[in-house]
Amino acid sequence: MSQKDRYAVIGNPIEHSKSPWIHAKFAEQTGEPVEYGRILGPLDGFEREVRSFIASGGRGMNVTVPFKLEAHALADSLSPRAAAAGAVNTLAFGSDGVRGDNTDGVGLVRDIEVNLGVSLKGARILLLGAGGAARGVVLPIFDRAPAALTIVNRTAAKAHQLVDQFARNAAECGVRFSGGGADSAEAGRYDVIVNATAGSLDAALPDCDDSVFGAGTLAYDMMYGAQPTVFMQHAAKLGAHAADGLGMLVEQAAESFFIWRGVRPDGGAVLRELRQTLAAKA
Ligand code: ATR
């Protein structure tokens, strides 16, 4: 019988998830007695799977597409960032019930600042998209004290909703905060542009004026794949430095590991190894 504490990622589909590999590396690196598996959640049976994992001694779960909203609804208590995001990617099971958290936003911010070395303090940031992925990163971005955050979305009303939801937080953090449809970007080059649209999945480029990209811009796509996304290719043609979301994946995992174990793994080292592994397979 294994003496290790059990964790798992649940999603549908799940077979290509890199989380078990990443967490195995974190366990090796930190010496924590962690065993981490993957669970294919039936589309109509998310809660049943979670309850059965808890009953069998599971300590925590990562939650991925399409269950992040259901995980938010299932949790007995929520961290402030999960409540603001309206979605949960990390569940911790304890004597006080199921605790829901969201580590995606912190994962993005850590990848940009620590792994890519771009400080968000005082930066002008453009966020493309206003769905769940975008909502989850707004507060963690404010926490880094940027000068401005603009949200641009194909459907202007959804960007306006996010601006309304987070206007008070922006004022408290002293961040200039606005948003709307495709023509709502401020004039001139942005320091950081984050693509949080689902566009890369179907190779669609989000609508956005070319003039916001420049030589000093970091263009960050939350998606990743074997090849640079259309957004990354477009940004690189306009002189920007393009990055994919693989580091965000590793850093959100590192934050989940920290929540569960109280030990922070070195995400950068695991990211370098993951990139090498993927390059060797390509
Ligand atoms: P997620 O949880 O991944 O954010 P979502 O909540 O469905 O998924 O949001 C998808 C986001 O991608 C939205 O901002 C969506 O724009 P709309 O609000 O106008 O639908 C954006 N999106 C999806 N496909 C897109 C495309 N082809 N071009 C531009 N934006 C796109």
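Each residue, glycine too, has its Cβ placed from N, Cα and C.
TrEMBL annotations: computationally assigned, not manually curated.
Bear in mind that the values here come from a model prediction, so they are computed numbers and not experimental data.
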Site co-member for NADP(+) according to TrEMBL, given Gly129, Ala130, Gly131, Gly132, Ala133, Asn153, Arg154, Thr155, Ala156, Ala157, Lys158, Gly245, out of Met222, Met232
Met222
Of the candidates Thr30, Thr64, Thr197, which does TrEMBL annotate as part of the shikimate site that also includes Ser17, Lys18, Ser19, Asn89, Asp104, Tyr224, Gln252?
Thr64
Rounded Cα distance, in Å, between Asp104 (shikimate binding site) and Gly129 (NADP(+) binding site) is 15
Cβ-Cβ distance under 8 Å to Lys68 (active site, proton acceptor), same chain, at least six residues away
Ala87, Val88, Asn89, Gly132
How do the residues of the domain 'SDH C-terminal' (245-274) split into helix, strand and coil according to DSSP?
24 helix, 0 strand, 6 coil
